[in-house]
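Structure first, then comments.
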Amino acid sequence: MDLEFGRGMRSPQRDSWKTTLLLAYQSLGVVYGDLSISPLYVFKSTFAEDIQHSETNEEIFGVLSFVFWTLTLIPLIKYVSIVLRADDNGEGGTFALYSLICRHANVSLLPNRQIADEELSTYKLECLPERTDKSGNKVWLEKHKKLHTALLIMVLIGTCMVIGDGVLTPAISVFSAVSGLEFSLSKDHREYAVIPITCVILAFLFALQHYGTHRVGFLFAPIVLAWLICMSALGLYNIIHWNPHVYQALNPCYMFKFLKKTRKYGWMSLGGILLCMTGSEAMFADLGHFSYSAIQLAFTSLVYPALILAYMGQAAYLSKHHDFYSNSQVGFYIAVPDKVRWPVLVLAILASVVGSQAIISGTFSIINQSQSLSCFPRVKVVHTSDKIHGQIYIPEINWLLMILCIAVTVGFRDTKHMGNASGLAVITVMLVTTCLTSLVIMLCWHRPPVLALCFLLFFGSVEALYFSASLIKFLEGAWLPILLALFLMAVMLVWHYTTIKKYEFDLHNKVTLEWLLALGDKLGMVRVPGIGLVYTDLTSGIPANFSRFVTNLPAFHRVLVFVCVKSVPVPYVFPAERYLVGRVGPPGHRSYRCIVRYGYRDVHQDVDSFETELVESLATFIKLDASYRCSETSGDQQQQQLMPEEERGRLAVIGSSHANYDFQDSVQHSSASVEMTRRRSCGGIAADDDSPGAGAGGGSGVKQVRFFIDSHVASPEAADSKQVAEELEALAASRDAGTAFILGHSHVQCKPGSSLLKRLAVDVGYNFLRRNCRGPDVALRVPPASLLEVGMVYVL
């Protein structure tokens, strides 16, 4: 359940208290579904170990003390008080932290970065670049290229564990909720009822994903709210009725008594206790849909007290019912009175479905973000709502998750193994967040490194303790997330490595416009009606696949546009800043370059709207470019027209006329921003290059000129000029003639003499993924009738 697109890019003005209350209420169904259902399985997973219970209740009080202080330290202090402040333009999650770090230090491995990207409204830094450049830690981090790779691997590990959690959380949540039927069925019928019902609910849940959640999303918050109230009431009842002195367990001394008495088994039981903070990461990951104050208010005023009461109520009941330990029935439903067990069972199943839905949607989102980093094979992303931004559905991933969830349920058949697997995935993601947040504290917030180290050591040591307890259960279920992570890591690294090598191959083999013009005179190049959109990853030069095309077939369209669809390290790119348009050659050649920029949370446009906006952007650019040329001296004008694009370095940011959102003051609705970026070198003027080194901290020696031209007050000379009119008429006629999308159909192979590992990764791994995943035409939403593919062999 995502909210309006504009809410993710909310203005810096503070929300009113009514808006905050509404957002806090809505966050219950989106953010806290997973966290609120953890009492269903925490105690059962914890006491699955061989822990002997005594009459002094030190074991149950020790577990309750661990649960209380874990919920206090990690979700309340770490996330609510610190991590939520490390937002990226209001967005949270692993990629938000990585994006912040990449903007403040040149550590990104993304190709085709440009200095012009730093002018985006969402590309804001915490302080002036002059101050950040003096940081010795930043210089050290930028100097060692292996640290860049290590940082990306850390992010990918967190991503893989989030995907693994998307497999495990629905299984353990629904299974734990349905296991309440055990108290109403005989022992012989339990196995034949709980597992099949769980599988049916999971299959039904995944089958409904392609409809989106916007139709039933309004029910999520009431369900979770009712569940939290139900848990609180049951907790208060059990505390008052069974053991009012259970509050004594909040004393941290009981934790040390528990570990001292239970020793090895007590340490191993920490793998079950950590499940009490399952879903805490969602508070940060879903930050963009709400606000910091709304998530903070919902957790501190409702979710946190309800969870504490629920766990205290279970502990109070167990402290007076020792016989359940011998029967291995230490679960949530034993503390539920018989008269309300069925209503609680139904409500628990509904809450588990809501919590599972949240993690499934999060899995779709993080895979979509992985594609923006070129770290995941192309998959089809479907936008399930026209009104609500960010609601996406990925068919291939959905059915794979369903198969794996059902396989986990049927294979493990108990909460113990599912809890061990889920716990390792959860704590690994939290460790990654802790490490990345410590870098944000140092590089982005510019706090002393000692403060970042204290944050890392304090919270990292707590999470490392839980991580060790989970890892020791490798043979009892913890092997599953490790296996999934290794497989996903192999896929991501192979895809990312080969994609970067393909980009370097294109960069090395690109040709100049002069070569194309000279070739046209020799071959008798023919211009056919229509618009040709040549897709490439390059931001300058002519791609090798197009040069191969015109060499074998000397004809191309009258209007030629080299389109580069690229990702930038920001969550969103405003529609008014999405298109970066420039010329390729003189105006008479009718060739242009259009760089389309997306953030890691943006959803790509449909081809119809993209084609319309692209033509409108070209028309606007033609007028603005003519106005700019008229403002120059005649000598400079002649020199500029003779210069190729690579030397002129002129690109214009063209605003979309379809934008209807609230922007910051620097982005005007009625103006188009034209940005001239020139890099002076010994030989003259050069444009932004494609090299991976361009980016944060690389703006030395740059002269930038930005001005605004109102669309209604354009120069009369430019508007009435014959050249502009002819160019606009040619563009309109070409649009009426039709548009062709020219894409490269690549085959990749290793050079002779390459290592065995490289041949396995490229020749076997990448080519297998390329053949069995979606092609670039599907990812770019190109209509098959207008597609023209050019074969290209990459020898890496």
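Each residue, glycine too, has its Cβ placed from N, Cα and C.
Curation does not apply to TrEMBL; its annotations are automatic.
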21-40, 561-580 - the one TrEMBL records as transmembrane segment: 21-40
Region pair the transmembrane segment (297-317) / the transmembrane segment (60-77), three or more CB pairs under 8 Å: yes
Non-local residues, at least 6 beyond the ends, that sit with Cβ under 8 Å of the transmembrane segment (424-443): 74, 78, 82-83, 86, 94, 97-98, 100-101, 104-105, 132, 135, 137-138, 141, 151, 154-155, 157-158, 161-162, 164-165, 168, 271, 274-275, 277-278, 280-281, 284, 449, 451-453, 455-456, 459-460, 463-464, 466-467, 470-471, 473, 478, 481-482, 485
Spatial neighbours of the transmembrane segment (218-240) far in sequence, C-beta under 8 Å, 6+ residues away: 1, 25-30, 32-33, 36-37, 39, 246-247, 302-303, 305-307, 309-314, 316-317, 335-337, 344, 347-348, 350-351, 354, 357
Range from 21-40, 265-285, 342-367, 450-472, 478-497 with most C-beta pairs under 8 A to the transmembrane segment (150-172): 478-497
Intrachain residues whose Cβ lies under 8 Å of the transmembrane segment (450-472), provided they are six or more past its termini: 70, 73-74, 78, 82, 267-271, 273-274, 420, 423-424, 427-428, 430-431, 434-435, 437-439, 441-442, 478
Touch test for the transmembrane segment (192-211) and the transmembrane segment (478-497), at least 3 Cβ pairs under 8 Å: no
